[in-house]
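Working notes, structure below.
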Amino acid sequence: LPSPIPWSLTQPVTPDLLVSPSSQDGDLGSECPEDRGNWTGRLDFLLSCIGYCVGLGNVWRFPYRAYTNGGGAFLVPYFIMLAICGIPIFFMELSLGQFSSLGPLAVWKISPLFKGVGMGTILIVSLVAIYYNMIIAYVLFYLFASLTSDLPWQHCGNWWNTDLCLDHHVLKAGNGSLPVNLSNTVSPSEEYWSRYVLHIQGSSGIGDPGRIRWNLCLCLLLSWTIVYLCILKGVKSSGKVVYFTATFPYLILLMLLIRGVTLEGAWKGIQFYLTPQFDHLLSSKVWIEAALQIFYSLGVGFGGLLTFASYNTFHQNIYRDTFIVTLGNAVTSILAGFAIFSVLGYMSQELGVPVNQVAKAGPGLAFVVYPQAMTMLPLSPFWSFLFFFMLLTLGLDSQFAFMETIVTAVTDEFPYYLRPKKASFSAVICIALFLMGLILTTEGGMYWLVLLDDYSAGFGLMVVVITTCLVVTRVYGMKRFCRDIHMMLGFKPGPYFRACWMVLSPATMMALLVYNIVKYQPSEYGSYRFPTWAEVLGILMGVLSCLMIPMGMVVALLQEEGTLWERVQQASRPAMDWGPSLEENRTGVYVASLAGSQSPKPLMVHMRKYGGITSYENTAIEVDREMEEEDDEESM
């Protein structure tokens, strides 16, 4: 029998010129750089950004910062700082990433002289990723400890408890009221955290780490394994995981909020959290605290936003996404404050002490105060499990971003060698960071975690963001940058963005940097003061990321020819292949500047693909015309 004719050959073939955009497969995918990979769904990018920005800081830093800096009045400087340096820098990072489709190192083709900024970013992110995953390991430890009928930090009388341990359950049962003076006593949850989980009594300080706590070590290994499995296929896998990790915390937060506000005494805590003290607004400290909260909460400067945007299609509306993510992040922080302080109000009523005696920030809130409050509720293991599961999902998607930033930055530098082996390279990075983090699982590991937390992303990160802002607006040029955004989104940024990028954002961050240096305070953990050598080590961590900038400059200058000034000028200019990654998106100055470029006019590629001129091609024509007019003016 003759072999049947393949089905595909029996179909009529439509010439490429006659194909309409609607009949092509995946009209979104047609714009994507194939070998690099892109988001596979429309919400992947938005949810990844929300998951990255909404992290542990929203729950354990914002509510405490608000109540110590004027309660409800704190929202005034908070939203002003969001408008001045939060939203503009956020939009700038997304624009850089999306326009170039490059990671935080390769994006410096925009001005190769400043490639050291990208190196500094990678160093900061690597240090943060080491200790951030240790916090996730603590969360996992508590999550497993909650799988019991009786929470282990509920009562005194365990082998890790001391004579100072005071069990409020026993006292309530005994005489129905508690003594007001609790200053010389310790709660069971505090002793569980410091003496059982950390076993900090086995270490005399940061120079004496003691033995590895194997249960913590296994939790750290598990957290790195989870992170690796989720970033295994880059944004294709992590982009799907965030559908759960970015949305589920909101469900739990809502449950904790409803439970919190229905408790007796909850109003006392909420009053404490939100009562405005407007006299605080006259203090510079409050404004600085608001700017710091915005700065760290949105995750600008860590390269995560730039990395995520680099996987977008060229015309994705990042302008809209900027406002959704930044305002959503602010609202989440405020909601988290209600969930936390309603429970603290109930707890202060139960213990018979003022709210300010039970309120804490950071790990103290997550691992001591809130777990203790959970023991006072009916079904305490259930609420405890929910709280730690929320912290786990909040932490994980921020960690995905840190890892994706490191992997993307290096693979974009060596695409031919590393891109095909991205999964293996991700494994190497995860193993290396896990091994570096082993010191955090020792009995004195908490001291190292505090040191990393205080110094790894301090003034170094601010220097990186200030430099990025100045290079884009002064060296690359505000006019050029706005033209790039016009080419990409179809409109130019308004006067608000231009004023912030040129003056307001850099000036605010300079003030932050100066304030941080002037008001420098040595690290401490409880009553423990860090030795001088540890302080110096911490400062070196911050300085090293800043030193990457001059080191990068030296390397860039050595690669150029001519006098020193000529080298500086050449290294400051964008690289030949700087611009959109796809030929069809390159218009004006970017035409035919890609290696191996064939097309004299990318517009023709568009017309062939879409059978006509779309709004973006109109924009391209406008941009070209503007540039020709500018050139004519300059020549005259």
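Cβ from N, Cα, C; glycine included.
What TrEMBL says about this protein:
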type	residues	note
BINDING	Gly51, Val54, Asn58, Ser297, Asn329, Leu394, Asp397, Ser398	Na(+) binding site
DISULFID	Cys156-Cys165	disulfide bond
REGION	1-31	region 'Disordered'
TRANSMEM	45-63	transmembrane segment
TRANSMEM	75-96	transmembrane segment
TRANSMEM	117-144	transmembrane segment
TRANSMEM	241-258	transmembrane segment
TRANSMEM	290-311	transmembrane segment
TRANSMEM	323-347	transmembrane segment
TRANSMEM	382-402	transmembrane segment
TRANSMEM	423-449	transmembrane segment
TRANSMEM	455-476	transmembrane segment
TRANSMEM	496-518	transmembrane segment
TRANSMEM	538-558	transmembrane segment
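Contact between the transmembrane segment (538-558) and the transmembrane segment (117-144) is supported: at least 3 Cβ pairs lie under 8 Å, counting only residues 6 or more apart in sequence. Counting Cβ pairs under 8 Å to the transmembrane segment (382-402), the top-ranked stretch among 290-311, 323-347, 455-476, 496-518 is 290-311.
Remote same-chain partners of the transmembrane segment (117-144), defined as residues 6 or more beyond its termini with a Cβ less than 8 Å from a stretch Cβ, comprise 56, 104-108, 197, 215-216, 219-220, 222-224, 227, 301-304, 363, 366-367, 371, 384-385, 388-389, 391-392, 395-396, 398-399, 402-403, 405-406, 409-410, 433-434, 436-437, 440-441, 445, 448-449, 452-453, 456-457, 460-461, 463-464, 467-468, 471, 541, 544-546, 548-549, 551-552. Apart from Gly51, Val54, Asn58, Ser297, Asn329, Leu394, Asp397, Ser398, the residues listed for Na(+), the same chain places the Cβ atoms of Ile50, Tyr52, Cys53, Gly55, Leu56, Gly57, Ala246, Pro249, Thr332 within 8 Å of the centroid of those Cβ atoms. Of the candidate ranges 241-258, 323-347, 423-449, 496-518, 496-518 contributes the most Cβ pairs within a distance under 8 Å of the transmembrane segment (75-96). Comparing Asn329 (Na(+) binding site) with Cys165 (disulfide bond), their Cα atoms are 39 Å apart once rounded. Here Ser297 (Na(+) binding site) comes close to Cys53, Gly55, Gly57, Asn58, Arg61, Phe62, Asn329, Ser333: these same-chain residues lie at least six apart in sequence, with C-beta atoms under 8 angstroms from its C-beta.
Against the transmembrane segment (290-311), the recorded stretches 241-258, 323-347, 455-476, 496-518 differ in Cβ pairs under 8 Å, and the greatest number is found for 455-476. Between the alpha carbons (Cα) of Gly51 (Na(+) binding site) and Cys165 (disulfide bond) lies a span of roughly 38 Å.
Using a 10 Å Cβ-Cβ cutoff, Cys156 (disulfide bond) registers 19 neighbours. Under 8 Å from some Cβ of the transmembrane segment (455-476) lie the Cβ atoms of residues 89, 92-93, 96, 110-111, 113-114, 117, 120-121, 123-124, 127-128, 131, 295-296, 300-302, 501-502, 505-506, 509-510, 512-513, 516-517, 523, 538-539, 541-546, 549, 572, 574, all in the same chain and six or more residues away from its ends. Of all the binding-site residues in the record (Leu394, Asp397, Ser398), the one with the smallest CA separation from Cys165 (disulfide bond) is Leu394.
The list of residues near the transmembrane segment (241-258) in space but at least 6 beyond its ends in sequence, with Cβ under 8 angstroms from a Cβ of it, reads 43-44, 47-48, 50-51, 54, 230, 332, 335-336, 338-339, 342-343, 383, 386-387, 389-390, 393-394, 396-397, 400. Cβ environment of Leu394 (Na(+) binding site): Val54, Gly55, Leu56, Asn58, Val59, Pro249 lie under 8 Å away, each six or more residues apart in the same chain.
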